[in-house]
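I have placed the structure first, in the form of structure tokens, so that the comments after it can refer back to it.
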Amino acid sequence: MQEFTKFPTKTGRRSLSRSISQSSTDSYSSAASYTDSSDDEVSPREKQQTNSKGSSNFCVKNIKQAEFGRREIEIAEQDMSALISLRKRAQGEKPLAGAKIVGCTHITAQTAVLIETLCALGAQCRWSACNIYSTQNEVAAALAEAGVAVFAWKGESEDDFWWCIDRCVNIDGWQANMILDDGGDLTHWVYKKYPNVFKKIRGIVEESVTGVHRLYQLSKAGKLCVPAMNVNDSVTKQKFDNLYCCRESILDGLKRTTDVMFGGKQVVVCGYGEVGKGCCAALKALGAIVYVTEIDPICALQACMDGFRVVKLSEVIRQVDVVITCTGNKNVVTREHLDRMKNSCIVCNMGHSNTEIDVTSLRTPELTWERVRSQVDHVIWPDGKRVVLLAEGRLLNLSCSTVPTFVLSITATTQALALIELYNAPEGRYKQDVYLLPKKMDEYVASLHLPSFDAHLTELTDDQAKYLGLNKNGPFKPNYYRY
């Protein structure tokens, strides 16, 4: 940020850090109109705030927004019936009694329902945000008002981001025994700063491709000192959060930020995993001409069979109107690609991490940054060419819009069950390794959501179950089955 203040912008002395602070309270949620902008320039870290019970064990943008955040949480609860059902079923036995969970996820109305469910099941929670742009300020305020130690606000700086994580972990008289992470930053911080905390940790639950990759790296190096649950690759999470969610939210994020019409547009989607498949399906349905880049021959063949041309990014970069990354890798779109893009090309990322687009290479004196609206920047070249960069290369759908509540109900239910499983597992069941959620639990998550569709499952007869070699109550597929 300090480096960037030296660089010229269209408005003269205005720096990127200034334009971020201007947008930090902007929200696309329904509570946007209630946001108090009178204290935009004051960092939440410098404010003294207390909730109605006199507690100041939190740091949010504005505790006065709690009432509006509560309404948003109530709306989310209406489409998260499975999580509410789990809350009611397990509330009496308190399966998380004694659990001290430190979490780092997107802080939205939907994750608030998860956090409050964990509390209802007996856990104590401290929470920070895994993305500097995805926090809904009014929801964070509602959680703080309800007594959750939450440290997050929309538009944090990098320093704020790590400060919030540190405040969740480093506190006298309270030590976490469970970690719920999204992206691996919290786990990384504990390893780096407070490795002794792992002596009390019973397990880590991780839900993103990026975070899971980091866990497997730790495991391979022999540095993973507690059991970890890979929620990302549970079938329900992967299909719904990655495929079905992105099929809807890619369009939402692009429409809200750029008002682009997709019919006839040429779009390149980098990566044809579950996220890429969802993005491509949605764009194709609206008449876009879609290209795919892939490193994996199996995914590439799937893209071909689904009617997409598989190309190298360099082959189409001059002609495409939109570039979308969803690989989980780094430097997928480089400065060389950005230099060759045509005028007004839209560039965005649907992967978890902000490493896929080389945004750092754009922060140079010869390029001008111009803030258009919240999370939308024009990056202008000396010849007048401009590229439309969304959310500074961070996760588009959660930075610039929202994701469907029903999808997050599935993800949140999976996370809650994974926490319950790891916390209550007898000693020795899970070693210091990375595990998938047991398939029986995966099926249970799905079954909890079927009543929303008035769906009725067929039951196997004893003879049929014997013929297939199955238990009548499941699990119904082997672990190697690909859905």
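Backbone N, Cα and C define each Cβ position, glycine as well.
Worth saying up front: this structure is predicted, and the values here are computed from it rather than measured.
The region 'Disordered' annotation in TrEMBL covers 1-56. Residues or ranges marked as compositional bias 'Low complexity' by TrEMBL: 17-36. The feature substrate binding site is assigned by TrEMBL to Thr108, Asp182, Glu207, Lys237, Asp241. Positions annotated as domain 'S-adenosyl-L-homocysteine hydrolase NAD binding' by TrEMBL: 242-403. What TrEMBL lists as NAD(+) binding site is Gly273, Glu274, Val275, Gly276, Lys277, Gly278, Glu294, Asn397.
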Asp241 (substrate binding site) has how many other Cβ neighbours within 10 Å of its own Cβ? 26
From the Cα of Asp241 (substrate binding site) across to the Cα of Glu294 (NAD(+) binding site), what is the distance in angstrom? 21
Check: min Cα-Cα distance from Thr108 (substrate binding site) over binding-site residues Gly273, Glu274, Gly278, Asn397 goes to Asn397
C-alpha spacing of Glu274 (NAD(+) binding site) relative to Lys237 (substrate binding site), in angstrom: 11
Given Lys277 (NAD(+) binding site) and Asp241 (substrate binding site), what distance in Å do their CA atoms have, once rounded to a whole number? 12
The rounded CA-CA distance in Å from Asn397 (NAD(+) binding site) to Asp241 (substrate binding site) is 12
Given the binding-site residues Gly273, Gly276, Gly278, which one has the fewest other C-beta atoms within 10 angstroms of its C-beta? Gly273
Near Asp241 (substrate binding site), which binding-site residues out of Gly273, Val275, Gly276 have their CA within 10 Å? Val275
Does anything in the same chain, at least 6 positions from Asp182 (substrate binding site), have a Cβ under 8 Å from its Cβ, and if so what? Cys104, Thr105, His106, Cys130, Glu206, Glu207, Ser208, Gly211, His352
Spatial neighbours of Glu274 (NAD(+) binding site) that are distant in sequence (at least 6 apart) but have CB under 8 A: Gln238, Lys239, Asn242, Leu243, Cys246
Binding residues Thr108, Asp182, Glu207, Lys237, Asp241 (substrate) - maximum C-alpha distance in whole Å: 18
Least surrounded among the binding-site residues, given as Thr108, Asn397, when other CB atoms within 10 Å are counted: Thr108
Would you report the average pLDDT that the model assigns to the domain 'S-adenosyl-L-homocysteine hydrolase NAD binding' (242-403)? 95
Same chain only, sequence gap of 6 or more: which residues have a CB within under 8 Å of the CB of Val275 (NAD(+) binding site)? Asn242, Leu243, Cys246, Cys326, Met350, Gly351
Would you pick out, from the binding-site residues Glu207, Glu294, the residue whose Cβ has the largest number of other Cβ atoms within 10 Å? Glu207
